[in-house]
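Feature annotations, reproduced from TrEMBL:
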| type | residues | note |
| --- | --- | --- |
| COMPBIAS | 214-236 | compositional bias 'Acidic residues' |
| REGION | 214-262 | region 'Disordered' |
| TRANSMEM | 27-48 | transmembrane segment |
| TRANSMEM | 86-105 | transmembrane segment |
| TRANSMEM | 125-149 | transmembrane segment |
| TRANSMEM | 161-182 | transmembrane segment |
| TRANSMEM | 188-205 | transmembrane segment |
Amino acid sequence: MSALVGWSATAALAAYAQRRPGVPVIGWLVASLGLTVGLSAAVIGALFDFNGVTFRLLHIGISLLGPLYMAWGALEYGVRSAQGRFASRLFLSAFTIVPLVILSMDRISGRFSTGFPALGDHYDLIPRSIVNVSQVVIAVFLVTAVVAVARRPGADRNHRLAVVGLVALAALLSITVGRLGLGAVGPLLMLGAVAALWGAAALMVRPRRDRYDEDDDYYDDYEDDADRDPEDELLEEPVRRKRRNADPYDDYYDGPPVRQSPPAKLRGVITIYTLGDGQGPGFDRIADAVVAEVASREPDTLLFACHTVPSAPSQRIVYAIYRDDLAKEEHDQQPHVMEFGRRTGSHVVATNVIELSLAGAAASDGLASLLMPR
């Protein structure tokens, strides 16, 4: 049963990652795939007795890859620092390749039982030590993600803590089964791990919003369908705002909806890049491309522009204004934004980020059309 649920969760995560690619989703997709392959090997082992192949696949999935990529996805989801994310990717590479080779090649001793075999009962000292160190790294990733989310201001902090908490629960259950086996209870705990990971991904996809919250501007983008160009809808497809799929008004009230105009809480970010010698033209070409993509694909990014500094030729300043926190989050997950960060890494020697809260400013579609040409 847990293997079937795991394949279902993997298929759902793969479909979502294809529609809205993002680093946390990809990490959890790899984790789900690792858990599912391990559970499938356990099913074969339970039916036809465990052997070296099924035992290795089981523990590579549930003791190493599954928890490691869950924790890394949670860190990418919760941490904003580019330096922190880069360091986590270095650790991820090291603790994927080295333990994977050791667990695949090291000899296995002892006879297998009918239940889930514990990792320590059949692996020698070196594989056990490598897995123990990997699980310490997993714990560090999860604690870092929780602390980063808890320190972040904003109304969505509790929602993000719930997502990270579910991922931590899934990783804990998977590690527990890998270390202890637990016989017939093991499959039930793994079912809980898969369900927790699936729930975290679903909660991240559709954040909870209070229907009657005065700060929730459901009707910011309300307009006559006859005036909407169908091609414009296609351009906004990569990462669309969750609230644009709000429930129909007529399900709750009688009569036509009344347009509401609560003050929007804008978010602003100023990023100062210090470039290496001779890197200005290359950086400018990449920046021009991402500015064009943002202008055509992100209706809720009200301003996104890159400027030179006459008195400092090696510096570039990127100004960005977002409709709210959700718009900034979705901007950061856009494929062209992640590609911009990847391609400019070789051009930039230092980065300074200044975040602004523009509460009280008014945002509307008219302002958006003035700031960003469509």
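One is the number of the first residue shown, and numbering goes on along the chain from there.
A Cβ is built for glycine as well, from the same backbone N, Cα and C atoms used for every other residue.
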Notebook entry, point to check: Counting only residues 6+ away from its ends, which parts of the chain sit with a Cβ under 8 Å from the transmembrane segment (27-48)?
Noted result: 2-3, 6-7, 9-10, 13-14, 17, 54-55, 57-62, 64-70, 72-73, 76, 112, 114, 116, 167, 174, 187, 190, 193-194, 197-198, 200-201
Check: So what's near the transmembrane segment (125-149) in sequence-distant terms, Cβ-Cβ under 8 Å and 6+ beyond its ends?
Finding: 59, 63-64, 67-68, 70-72, 74-75, 77-80, 84, 88, 91, 95, 98-99, 102-103, 106, 119, 157, 160-161, 164-165, 167-168, 171, 175, 178
